[in-house]
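Written below as structure tokens is the structure these notes are about.
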Amino acid sequence: MKEGIHPKYEVISATCSCGNEFETSSTLCKNIHLDVCSACHPFYTGKQKILDTGGRVDRFNKRFGALGSKK
């Protein structure tokens, strides 16, 4: 690789909106603010919910549920 053309790689502080703070490396060279992190994201915390908006699943099963049981 060529020397002198790559940006500096430094340790920075990343702060989440939930208050979690950790250090990471970046070429940005300034502290960053995150909206979500692994401490508050629903996928990592296990608090993920699947919402049925407007009863669409029930409406689908009512209309087409009988078609699969005829076999």
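Just so you know, glycine gets a Cβ as well, placed from its N, Cα and C.
Per Swiss-Prot, the features are:
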- Cys16, Cys18, Cys37, Cys40: Zn(2+) binding site (BINDING)
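Sequence-distant neighbours of Cys16 (Zn(2+) binding site): residues of the same chain at least 6 apart with a C-beta under 8 Å from its C-beta are His33, Leu34, Asp35, Val36, Cys37, Ala39, Cys40. DSSP gives Cys37 (Zn(2+) binding site) a coil state; it is part of no helix or strand. Listed binding-site residues: Cys18, Cys37, Cys40. The one with the lowest count of other Cβ atoms within 10 Å of its Cβ is Cys18. According to its DSSP assignment, Cys16 (Zn(2+) binding site) is in a strand.
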